[in-house]
Structures are given as structure tokens and as C-alpha cells.
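Peer 1: Handing you this structure, nothing more for now.
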């Protein structure tokens, strides 16, 4: 076996063969040598349960690589089950799985001294009687020897030419021919040669299952549903006979094909996995929902397949739509991209592992889901499940209709649900309906079973009966707990029966059987080991099966677990005992951990285990032994963990020194220290102090001092030295003493110099300073500071503050300065001993204002409305240094003399005593100094109450409406914000009602005018100040009587306002309208592509006084087309049309055409395969 050398550099690269990863051990290879590679890698295999599976691989490389095989779910050391071979003639390395019982992932590795190549493949095991590919291949494929023998036998062809159609199958069976389709093609050609065919050649449509060989031919084209040929009938008969020989129900077959053909090739994600941010030591959960059920998907990270185990938990829901991956106890190394692979579709998301915020180790591991995942996955999965079921029911119904239509066309008598019908006298109305169904590939025409009748030309069909909406799913149950099996039928009229390992079961003390409509449920009340097995439910000849696996994983006793998780606190030197009881299948592996380290039997730890009990004894525990205690139980059925915490209590360690003297005077000594480094697991309550005068042998107890680590001793004599002992006190005891250095009371020591003063800011009458305290306080507290100043060029220092007025803080504002003069400053600290050394002088500073760019502290309003005659006042606050120049502008021109401007150091005010309309405009202020400038503007509108509009007139253009027109207000030209409001007075209500507001034109059309009523209208002008007096209209609705003759007002419908062309964006609303008149009132009908829309609830249609409208709330591709409005009454008919275009109508419809695209590919590929087979037969 080749081995990689230590300290070598590895280079990883991908092979030209997809799915192969090559690792090169060295940077360069000798001439003529190469790393291993796969010329042909093993392909995935799908077989029935219990059959032989074979993987083949061809490898290259010099020297010749060694090939090894591994699998994910165990080893391959069992030679009776796994056999490895090498075929020298072909160079193939072969792995044979003799009796495959479970799906698994296999890895093949090729290694030589220069590198290794690795690839993976999968083995999928399906229940034998539901193995579609194997069945269809056996059903429709035949060997070359069978073809040769049958096709060259002239007696065989003569028998077929002279026989009736119903005897074809029997003749083919006697001659060993299984491919009826190819034989029928050849038979049609021979009939043509002998002139036996009067009709034209039959047209067939073909297709190919995605991912499957060309082993099935079923006519699924919508245009060919009414052209059932001889070969199709015989193919269908053979197909049904073999299905029923294997006891497969129609629904089961259709469901099988749908799930294993369409689902695998066309599977997609309804909800994809999302990015997760998780704290370290928590669990992360990825979730996704599929469009079609799959028993398992592949989870990957960094190109490696993840497997269910202690680190990863992979689960799938009962309906096989929801798949989950949980990463347990996340660490920084788990960060990365995780992928879910379902068939040929995949999705990926990041896992981000963040630091634990609270610090320390976690005792509870919470599970974090994706933050953007808000939907209920179970609800989404149920909706998808119902959608799949509806598609299946459409497929079965379409096949049923097609079968009936074919038999009626051939003149045969049908018996459907107990009623007879004759094909020559009566046609099935559902035939046209079936042509509208989009029949999927492989939806087998097995919905009815064919039986041979007594009459020659009579075929009988049985009722399709019941089928399963969803079947049973495998259940992993826990011993002594309940387990449920549930299935749903398509009807609630069937009782059904339950079986376990072939024996019928009924409700008793062990099993509880219920039926809720079409849902049937079996509950195992208390699971035992002998309850494992295969359970089956049967109803009306249909059946569904599932396995119940009763497992016995390790489980803690709940009471013991509750007591175990409580932290255990003991005193130092004592023993700690952790014990817990559990149950589970033996043998159980028991492990104890402390802070993640495995504990073994030694002098300090002793572990005692029995069948259902484990005990950990930690002897003579010390403070270093405290931490997290964990027990882990594991058997072949699973594992479990429990966490606890050990606290070891002890007396505290001594306080930490050295002690720091904060004040020393003739009357007191004040000092402080640091708390103990280890408080022994309990907080410090107080400190015990003792004092010794230097030169004496005795210690005086001061007492117990509560509070922080500080003490002020006032019982001292000036000049004497003292030493102190300090002990920390907790609930666990008193620490050892910490002894301080000697401390002298009343020492004459002056403080050191503070830091030089720093100039914070300067003004013409003030200079602001700051400094830091001295590092040496002289052994006593600082009482204050003395500040001095000196002019530049002078030797005389003068005190700023008086001697009896010390500066208490570290800042001071010096106001005794002359503008334009430079000053420097120094400061000295004062303690109990006196004033100390002065600091170094500060830098020179001018007593002048700083240079500040103008900045507004309070800006003006953007817009102001003032009534004419009132005053206008604008105030602006700003900061600027030196004092700025201020300019006011109106519309970029200096303000007039009517305007009064008042300025100060930090503000400016503009005043107009009596405003006029001419004062309206934009007012700006410019503040400018040496540093810069700033500007601000506001708009002032001086206006007055508006004048009313002019004469109001009324006009009728459309029956049922009135157009109100008025002359503009005199203020309209000089006030661009002036608008109008219209109110209406109805004679039936006698109250004024607003009908329009914010009108900027001089007319408005009022709708819903009722004939026979009187109406009055008022028009108001409005602006920013208020509303004008109204202008009233003449009375509308008074009928004028005309004498001498009668007038006929009836007329045919005519469109006053026609429809316009519309272009709408997909997903948005669209509104169409037109106006029509006629007497009597015409009846309005809307059409789209000549189809009436008046009863279609997807469109909102209204007709108000001749204004006809149609609204589409959400435009889709189906709404595209020609729209027509037809108005009809007794005198005539009028029509108006338009066309609606939809933008982006193909952009979002890719999913809707995917299935049709697959079907077209199916038809083309299968046609090509059949033509090829026909050519080979002819040759």
C-alpha cells in the first residue's frame, strides 16, 4: 500500500472526469510518471431490494495504482456480501454487492506513490415490486437472438397476417417474442406489401423518460388521443396483463411512475436552505421543502457528503417533502457553505459561527434556524402534496376518458360503472375534455382493468375504485412509547384492514385502530421489540406497506436527570458524587467528561457502571477540579447526553498588595488594596484589619470592616509609622493575612508639579486652560491648585486666583486678560504640607476670538404664508468668529428700504411692518467673515382671502352627467396655488355635498345625475389663506315644456368615448373605460377574444350612467388579447374594440413551460429510438 511521505506538499486538483478529485503528493513528477486518475468512474446503481449490484471502475496511473472500496454505512469486509474483482481483459475493477438491502454511498480510491484519486457513487435500493425501470425493461426489451429467431420464421408472419388482433399476443408468446411494439411495426409493413391495408399508415408519437433508456412507448400527444392504433391496443393489453400479474394497482403504478420518473428528473426546491448565524456551541438547523417526495437527499460541505451521526443529524418528514440537516455543537471549523442536492437540482447557504457572547461554557445548546425563514414548512409541504395529488388525479381521469373514447370509436360496447353505451349510437362528451389535459409521460393507462367478455367485440371495464392519496411511511419508534401509522384513501366509503407480517390485526390492548373519513390510523399503544415488522393496510384490493422499527436508545430517568443537571457545590477536600439511572438496549457505552476531557479510573476519579446505573466519584476535590461534568450514553440505537456543573468551595486567598497610601497627614492615614485573586467560590463579605506601631511587638485588632478594599485610620500620632494586616472574610472562612509596608502619619512632603497647562480655547476676554494632577501627591490628598500668568516679554509672574481661593478642579477660565496680548501660564498643587513645585509654563496664547466659519444654529422655515397687511418677522441664529458681515436678499436682490434688518454677534432679524402682495418672494441671508460664508433661504407668500369665481354654467354631454363650467377668479393669475372646490345640492337630500376638490381648471363633470331631480352647484376658490364666497349655478333638472308637437327621444346605441389601446405590466392593475349613449338604456356585454366576460369573477365590470368600465386587478399573460364592448337595445347595436398587451409576460413563465418542454423532448427522443429499432428489424 502506498503511503504519503511526511512533510510533503499536497496539491489538490480536479480530474477531467467529472466528480473525481486528485491529490498530488509532490510539486513535480518524474518523467513518465503520473498520479492516479479514473478513466471510467463507477456509475450510480438503482436496483430492487435483495438483487445484485455491480460497480465498475477503470483507473490509470504510473506506477499502477492500488484500488480500494469503502462505504458510508459500515465496512465491506464481509466477503459473502461484498466481492472485489479485477477483469484483466477490460482493466475493470469490480465491486459486487451480492444482496443489496439498503441505499448507501460508496467511495472508490486509487493510490500510488505520487498521489491518489477519489470518486463517489450511490446505490439506491427500491422495493422489488415497485421497481419501475427493471419492470419496463423486462417488459418491452428483447434480445437479438429472440428477434432473429422470430423475424425469419415465415410461418410466424403468416399466422399473424391471417389471425385476428386479439390473437396477436398469444402467437407472439408461443414464438418467444416479447417486444410487441417492434413486431407490430414489422407486421404493418408486411400488410402494405400484400395490399391488406386500405387506410393510411398509423401515426405515432414517441417520447423518452428523462434519465431512463428508451424502454417504453405510450402515445401521449393531445392531437393523437383519438387515433388509437392496433399496436397501441396490443401494447396496452400486454402492459396491463403484466402489471396485474404482479398485483400492482392502477393508483400505485401511476404514483410510482410520477414519483420515480418525474420527481427524480424534475424535482425542485419549494423552499431552499437559508443562511444561518449561530453562536459557538449552539446547534444549527438547515431546512428545505421539495416539490416531489424523495426518501433522501444528499447534504454536502466542501465537496464531502455528510452522513447521519454524532455531529450531523439528517432527518426527513413522513411525506418525504421536508428534509433537515442539524449541525450539533457548532465550532469555528464548521463555518462554510452547506449544500442540499436533490436529483439534478441543488441549493446552498452559509453557516456563520460567531463567538459566544456571554463567555464561558454553555450548559444548554439551543438550536438556531435561518433568520429569513418565516413560513410554516408543514403547511407549505401539505399544499405541495395536495398539488401533486391533483396532478395525479388529472392524469388518471385523462387516461380513463381516452380508453372510453377509443373503444367507442371502434364500435365496441362499453360497460362503465354498470351502464352500457354503444359506440355507434352515442359518443362520450368527455372526449373533447380529455384533449385539453396535459397528460404526463408514463401516466400508465391502467386506471381500468381489461377483461375478456363473452362477445367477440365486447370489452368490459371495472370501476377504478379507491386509491391512496398518501400511503404509509416507515416509523422509528421508541420502546414503551406510542407509534402511529397513517394513510389516506381517495374515498371515505371503504373500511380496509390492517396486517402485521401478513397477519391481520384488530383493536385490542396493544393496537388501536381508528377511521376519520378517508384517513385510517393504526396506533401501537406501547411499543415492544416484537412489534417491529412490516405493516400493511388494504382497501378494495389496494395496499400500502411500511416498516416499524422499534428502537431502544439509551434514556435517562427523568427524576434522576432533573437532579443531575442541578449544579453540585462541595467544600474543598470533600468527595463529589454524580449518579444517574438509565434504560436502553444493552450494551450501552458510558463515558464521563470534565470540561470536555474524558475521565478514566484513577486515584482522583472512580467510575462504577451497572446495567441501568452509573456513578462518578471525584475524591478530595480541589478548586482546580471545578467545571462542567458530562455523561454520554451510546448504543446501537442512538446516544444521549446530560450536563451538570461542579462547584468546589474554599476560603479565599489573601488580599492582593501592595497597599497604596491615598492620604497621609498628622490626623489620619488612608490607604487601599486589591481584593483576593480567588474568592473561593463565595463573594467577599468584609475585611478584618490589625495594626502594629513600628517598634512594638503587639498587634491591635481594629475590627471587621464592611465595604470596599479601602480604610481610613484616624487614630494616629503625627510622625509615627504603622503597619497593617488585612484578611478577607467569606461564608467559607477567613483568608490568610496580607501585611502592608510601613506608613508614616503627618509626614512633611510637598506634592510634585502638575502637567503644564493646555490652552483649550481663546477669546478676546477669556482664555480657557486645563491640566492633570501631579503623579506625586506628597503622601496626602491634594487640596487645590494655584495658577499664575505672565505676559510675553515680561519676567513678572502674577497669581490668577487669590491665595485663600484655591482652584478645586483641573480647569479654569482666565478672564483678566487684554485683547491682542500673548500670555503663558503655570500651575502648582497644594496639599496638607503646602504648595508644591510649579509646573513648566504652557505655550503662549493670544487673547482673541477664534476663527470660526459661519454656521447656522437655527435655520429659517422653508415656506411661510402671511396675510396681506400683517407684519413679517424672520430671525436667524448663527455662530461665527470674527464677527461676520450680514446681507439680506429678496429674489437675489438687496431688500428694499421698507425692510428693517437688526444684527447682533450671533443673530440677525428681518422685519416687514406692513406686508403687501408684492413682498412675496424668496428671502436669503448671507453670513460672511474671513473664514468662510453660509447662506439660508425661505419663501414668503403674502396673500389674502381669495375672490369668488365668475359666472357658473351647466352643460350635459353624456346622459346622466352634468359638466359644471365657471369663469376664473380674479386672483387666479397672481396666485399659482389657487384652486377650486365644487359642491352639489340634491333636491332629494337638501344638503350640500362636496363632489370635487383641488381643481386647477375651470370645469368638472358630475356623474350619477338622476332624471327628475333638481340640482344646484356651488364653486369656491381656495388658496393658502382660506376659501372664497361661493358662485352658484342655475337650477338643473327643470323640464321645459314645449307645445305643439311630441319629440321621440329614443335612439340606437352609439359610443361617445371609444376604448383606447392599453399596455399593462404583468402583476399590475389595468383599467379600461368607454362612454355609450342610447334610449332605451342599452345592455352592455364585454368580450375577450370573443369570449364573454360578464360572468367571469376575475374581472370587475361596471356600467354607471353610460360609462362602462372593466378592471383587471393583477394582469397576467392570459389577459392578453382583444377586448370588445357590445351595446344593444331594441333600436340597434354598437360595438367598440381595443387590444391589451402585457409587458414581461414570458419573463416569469418558465416554470409553466418546463413540463411541456420535457414532454416534447420525450416525444422526439422516443420517436428517434423507435425509428432506429425499426430500421434494425427491417435489415
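Just so it is clear, glycine is given a Cβ too, placed from its N, Cα and C backbone atoms.
Since the structure is predicted, the reported quantities are computational estimates derived from the model, not experimental observations.
According to TrEMBL, the protein has these features:
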type     : residues  : note
DOMAIN   : 18-124    : domain 'Ig-like'
DOMAIN   : 265-342   : domain 'Ig-like'
DOMAIN   : 464-549   : domain 'Ig-like'
DOMAIN   : 654-752   : domain 'Fibronectin type-III'
DOMAIN   : 753-850   : domain 'Fibronectin type-III'
DOMAIN   : 854-943   : domain 'Ig-like'
DOMAIN   : 948-1041  : domain 'Fibronectin type-III'
DOMAIN   : 1053-1141 : domain 'Ig-like'
TRANSMEM : 1153-1170 : transmembrane segment
Peer 1: Please work out the mean pLDDT for the residues of the domain 'Ig-like' (464-549).
Peer 2: 88
Peer 1: Tell me the residue counts in helix, strand and coil for the domain 'Fibronectin type-III' (753-850), as DSSP assigns them.
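Peer 2: Going through the domain 'Fibronectin type-III' (753-850) residue by residue, I get 0 helix, 41 strand, 57 coil.
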Peer 1: Could you tell me how many residues in the domain 'Fibronectin type-III' (654-752) are helical, how many are strand and how many are coil under DSSP?
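Peer 2: Across the domain 'Fibronectin type-III' (654-752), the residues distribute as 0 helix, 50 strand, 49 coil.
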Peer 1: Based on DSSP, tally up the residues of the domain 'Ig-like' (265-342) by helix, strand and coil.
Peer 2: 5 helix, 39 strand, 34 coil
Peer 1: DSSP on the domain 'Ig-like' (464-549): how many residues come out helix, how many strand, how many coil?
Peer 2: 3 helix, 48 strand, 35 coil
